[in-house]
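Trainee: A single structure is presented below for examination.
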Amino acid sequence: MEVNKASLTYDVPEDREYATKRILSLKRPSKIMVIGDVDTGKTTLIVYLANELISRGFKVAIVDADVGQKGILPPATISLALADMKFSSLSELKPLIHYFVGSITPSQFFGEMIVGTMRLSEIGKKFADYVLIDTTGMIYGSGVELKRLKIEAVKPDLILALEKKEELNPIVSGFEDKTIKLKVSENARSYSRSERRQIRQEKWRKYFENAKIVSFSLENVVVTGTSLFQGSDIREEEKSLLERLFKWVILHGRRIGDKYFVVKADVAEVPRVVDKNVVRYFDFEKLSNLLVGLLNEEGLCLGVGIIKGINFGEKRIDILTPVSEIENVREIRFGRIRVREDGEELGILDREAL
């Protein structure tokens with residue numbers, strides 16, 4: 001299967017020329033956000049516009065915020081790349097930096113989606129004349145509010161809305177003065193959920209193909225995105241009581257406020273009734289192959305990794321990652337998707353699970 005859904009084409013609707021002229025009329029540097037449903041050609045439009053601007057001698061920055069169908073690797077992040085030469089696909093661009101989201105869907109991660117897009121677009125303005133912002137196809141339900149909040153935060157100078165039947169009106173209402181509605185190209189192809197997963201699997205595989213296992217001391221990095229190290233250690237008598245009550249082996253436990261949070265393994269298959277208002281628990285085996293972001297001192301993501309082992313007693317974590325600037329890692333942020341290095345996705349965890 002073709003790994004890149006979008007590539008450069010000049011077989012485009014006539015309104016693309018008008019959109020290009022509007023972009024050229026903007027005061028530089030400027031930010032242009034592209035929105036639309038899934039399979040409406042958002043990334044194809046980004047590639048086309050970038051090449052048109054580059055051919056006129058302008059520097060272009062691209063913010064790839066389509067976390068589930070990334071052109072700029074890896075998935076589950078928002079990425080910034082700079083382009084000063086013509087290209088055919090986003091996959092050809094070398095990322096400058098990422099913002100870690102930790103999931104392949106925006107659901108439950110609105111904060112990361114908005115902050116990441118805002119931060120990277122502002123960085124892009126420092127290096128380029130135009131910042132082109134690609135987005136997810138989440139435009140219904142809570143997706144309306146996500147897009148509106150993103151527009152409020154990012155403050156794009158122009159919004160390009162790819163729509164078929166005014167489905168984007170709830171999003172662009174109030175922003176009409178800086179919105180251009182564009183036709184969806186007749187050449188836009190639809191992809192099934194299975195095809196999207198296969199494409200993403202190949203992208204994961206490619207990203208991790210030269211990865212190595214790196215061991216980190218949990219005392220030398222900040223750990224975020226999880227409750228694992230919040231609060232204080234549970235006492236030995238509390239641990240023993242919980243183990244007897246629920247037939248668990250507790251490998252790690254914390255007291256967070258008036259609640260317990262434990263990492264456990266079952267020692268027997270028995271029915272359990274656990275009041276989650278008192279005890280939150282997480283299966284130790286689900287930490288294996290969990291995606292994490294490796295962040296620098298500015299909270300920006302150098303790349304991602306997969307947990308291959310964690311020793312709570314020795315306070316060490318082993319992570320498979322292609323990131324080479326390990327000395328710049330200051331923070332490890334836990335994500336909510338489990339994935340193997342061969343690209344096979346093992347499932348998405350709820351935001352509150354960890």
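Just so you know, glycine gets a Cβ as well, placed from its N, Cα and C.
As listed in Swiss-Prot for this protein:
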{"type": "BINDING", "residues": "G36, D37, V38, D39, T40, G41, K42, T43", "note": "ATP binding site"}
Trainee: For the recorded ATP site, whose residues are G36, D37, V38, D39, T40, G41, K42, T43, find every other residue on that chain with a C-beta no more than 8 angstroms from the centre of their C-beta atoms, and list them by sequence position.
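Mentor: Neighbours within 8 Å of the Cβ centroid, excluding G36, D37, V38, D39, T40, G41, K42, T43: G137, L162, V184, A188.
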Trainee: Inside 10 Å of the Cβ of T43 (ATP binding site), count up the other Cβ atoms and send me the figure.
Mentor: 23
Trainee: Name the residue among the binding-site residues D37, D39, T40 whose Cβ has the smallest number of other Cβ atoms within 10 Å.
Mentor: D39
